[in-house]
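Among the features that Swiss-Prot reports, N-linked glycosylation site is placed at N52, N121, N337, N364, N474, N563. As annotated by Swiss-Prot, repeat 'LRR 1' applies to 52-73. Taken from Swiss-Prot, the feature repeat 'LRR 3' covers 100-123. Summarising the annotation, Swiss-Prot assigns repeat 'LRR 5' to 148-169. Swiss-Prot lists 290-306, 431-449, 665-683 with the feature compositional bias 'Acidic residues'. Look at Swiss-Prot and you will find 590-610 tagged as transmembrane segment. Taken from Swiss-Prot, the feature topological domain 'Cytoplasmic' covers 611-745.
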Amino acid sequence: MFPLRALWLVWALLGVAGSCPEPCACVDKYAHQFADCAYKELREVPEGLPANVTTLSLSANKITVLRRGAFADVTQVTSLWLAHNEVRTVEPGALAVLSQLKNLDLSHNFISSFPWSDLRNLSALQLLKMNHNRLGSLPRDALGALPDLRSLRINNNRLRTLAPGTFDALSALSHLQLYHNPFHCGCGLVWLQAWAASTRVSLPEPDSIACASPPALQGVPVYRLPALPCAPPSVHLSAEPPLEAPGTPLRAGLAFVLHCIADGHPTPRLQWQLQIPGGTVVLEPPVLSGEDDGVGAEEGEGEGDGDLLTQTQAQTPTPAPAWPAPPATPRFLALANGSLLVPLLSAKEAGVYTCRAHNELGANSTSIRVAVAATGPPKHAPGAGGEPDGQAPTSERKSTAKGRGNSVLPSKPEGKIKGQGLAKVSILGETETEPEEDTSEGEEAEDQILADPAEEQRCGNGDPSRYVSNHAFNQSAELKPHVFELGVIALDVAEREARVQLTPLAARWGPGPGGAGGAPRPGRRPLRLLYLCPAGGGAAVQWSRVEEGVNAYWFRGLRPGTNYSVCLALAGEACHVQVVFSTKKELPSLLVIVAVSVFLLVLATVPLLGAACCHLLAKHPGKPYRLILRPQAPDPMEKRIAADFDPRASYLESEKSYPAGGEAGGEEPEDVQGEGLDEDAEQGDPSGDLQREESLAACSLVESQSKANQEEFEAGSEYSDRLPLGAEAVNIAQEINGNYRQTAG
């Protein structure tokens with residue numbers, strides 16, 4: 001019985017070991033079990049694979065997820081091929097069970113996040129192919145547990161940077177593919193340039209290991225990077241109000257601001273760490289971008305258009321929207337410029353405030369201890385609900401204030417009583433009635449103020465100090481805040497309108513001890529007003545009530561090129577903050593149109609005139625040369641020389657000088673003459689030599705005359721700058737003739 005059971009057990013084990021899923025092909029070859037499941041349209045890792053399989057091919061399928069436990073039954077796999085799939089997710093622990101894995105191919109997939117911690121169990125890995133994926137980062141210690149890795153392929157991914165020392169632990173690495181990654185060539189990648197120059201690892205296509213950013217270095221190979229001005233961060237921390245000494249207690253109720261300035265290249269990122277009695281608070285300042293500014297500008301324009309529509313269409317008023325209650329003022333606010341705002345100091349905000357700056361080259365930090373005095377009343381009266389009365393920061397109120405008709409806010413004018421509706425005053429003297437609305441007791445208490453604040457309040461009668469906006473600010477369309485002792489007012493000035501922006505530092509004002517308003521009643525908030533007056537003082541031209549949740553106010557209908565002042569004050573009190581500004585001068589539209597038209601006309605006419613002038617110059621013919629033929633009287637000297645050397649005349653004279661041959665006895669005279677000539681030649685008769693020289697001179701003279709005749713037309717031209725050769729020939733002839741005569745005499 002026992003042998004039968006043992007036999008059955010062996011058969012079962014062999015059957016399980018030899019089973020193979022239906023779409024796959026399993027082959028036992030050279031003591032290795034191959035499972036070929038490629039090109040089978042699989043969407044999951046198949047189950048039921050042989051437990052002793054060593055090579056598993058799942059390439060060219062449609063697998064999207066590698067789930068944890070998918071390879072739990074094939075732990076002896078040494079080669080896993082998963083290329084050309086649709087893998088997007090690799091669950092942590094899916095590959096950690098393959099401790100004997102030597103070759104892993106995950107190329108040509110859609111992996112953007114990989115569980116690098118699984119590689120810690122794959123210490124025998126020799127080949128890792130992760131190319132043609134969507135990897136955006138490679139942790140510094142991701143490959144630290146792969147001492148036998150020889151070939152690493154991470155090309156054609158989305159890697160922007162690599163941490164220094166990423167490849168230091170790969171002692172057996174001989175082949176590395178890094179090309180076609182969008183590297184950001186900043187200070188964090190300088191190490192790669194030095195490492196590539198000194199390593200013995202093969203780096204194929206070094207020219208393709210190039211920068212994608214910044215734009216100035218786009219396309220530059222990493223090994224050709226220029227020297228970059230890199231510096232670690234340095235941090236400077238200051239407080240406002242300033243601390244007289246470290247640990248000096250501050251009075252409760254104050255607004256406290258810490259300014260953190262960090263220098264370094266690249267620009268450091270800031271982080272606030274607050275150790276307060278309630279625990280540790282970590283704050284990250286927001287990052288500003290040009291797109292956000294553009295959206296904000298568009299929203300501002302929409303607000304102005306809505307105000308204009310409300311003022312012009314008073315006959316068909318729209319119902320007021322139900323705005324949500326403004327959020328509570330936050331305890332801490334990290335600003336984009338590196339500052340930290342504590343709107344209301346109390347014992348809960350005491351502690352250690354640390355500003356930490358870090359960039360690619362390191363980190364630095366500095367701290368300051370803030371102590372709050374336990375005694376003393378708060379400087380500003382808190383509002384209802386335990387929160388300070390005022391607006392939240394601009395970033396917190398932006399969504400609440402958007403679209404409100406806050407150019408001028410509703411108020412009860414003189415002669416109006418409860419139950420007769422409200423009036424909206426845009427410019428003093430012009431009112432628009434609105435339907436009667438139900439108001440709460442708090443709003444009724446706020447409306448029971450001066451009948452017309454403009455008649456009682458005059459700008460310039462309060463604090464004598466003024467804060468004048470400069471000309472450069474008025475010429476700009478940007479909001480540039482001016483920080484004062486009691487608050488912040490930001491102005492955006494145009495030709496016929498001005499925008500006033502209030503920020504949180506001017507949010508908690510209450511009536512002063514000597515103010516007209518006296519002490520506020522319980523449950524009533526102090527009323528704050530904005531006045532727009534002429535710069536020289538006098539009654540307000542426009543005014544508006546400062547509402548909670550509204551931080552932008554538009555004053556319209558102003559005169560171009562006029563000086564105005566904006567006064568921020570509490571009802572019945574003197575002006576706390578006053579800003580003097582000038583509206584822009586309005587340029588007539590007709591003048592602009594004429595100037596632009598003239599400029600365009602000149603711009604279009606000048607090239608045409610230049611082309612016409614060039615055409616006329618090209619078509620104008622040049623002045624032609626004229627040939628002038630002038631007859632010349634024959635020179636008697638030339639005639640005589642020609643006659644003297646005429647061979648016909650010499651022949652006739654010889655006929656006359658010598659008698660006929662019959663008379664002289666035949667041919668003897670000629671022989672005698674020839675003999676005489678020979679004798680003269682032998683004796684060197686000077687007269688014969690002179691005659692030969694004279695004949696040669698005459699021949700040369702005739703040749704010079706023939707050459708002069710050939711150039712007669714050129715010499716006689718009106719525009720010729722050459723001397724007539726005829727005159728030179730005459731002079732030479734006279735000289736030769738004179739010499740000849742002297743010799744003959």
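Every residue gets a Cβ built from N, Cα and C, even glycine.
Structure with Swiss-Prot features highlighted.
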residue	record	Cβ contacts under 8 Å, 6 or more apart
N121	N-linked glycosylation site	A96, V97, L98, S99, A145
N337	N-linked glycosylation site	P285
N364	N-linked glycosylation site	P232, P233, S234, V235, A262, P268, R356, A357, H358
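Here the C-alpha separation of N563 (N-linked glycosylation site) and N52 (N-linked glycosylation site) works out to 92 Å.
According to DSSP, N364 (N-linked glycosylation site) sits within a strand segment. In terms of DSSP helix, strand and coil, the repeat 'LRR 5' (148-169) has 0 helix, 3 strand, 19 coil. Restricting the average to the repeat 'LRR 5' (148-169) gives a pLDDT of 93.
Classification of N52 (N-linked glycosylation site) by DSSP places it in coil, neither helical nor stranded. Beyond its flanks by at least six residues, the repeat 'LRR 3' (100-123) meets 59, 75-94, 129-136, 138-139, 142-143, 145-148, 153, 158 of its own chain at Cβ-Cβ distances under 8 Å. N563 (N-linked glycosylation site) carries a strand DSSP state (E or B).
When other Cβ atoms within 10 Å of the Cβ of N52 (N-linked glycosylation site) are tallied across all protein chains shown, the result is 15. Cβ neighbours within 10 Å of N563 (N-linked glycosylation site), excluding its own Cβ and spanning all shown chains: 13. The DSSP breakdown of the repeat 'LRR 3' (100-123), given as helix, strand and coil counts, is 6 helix, 3 strand, 15 coil.
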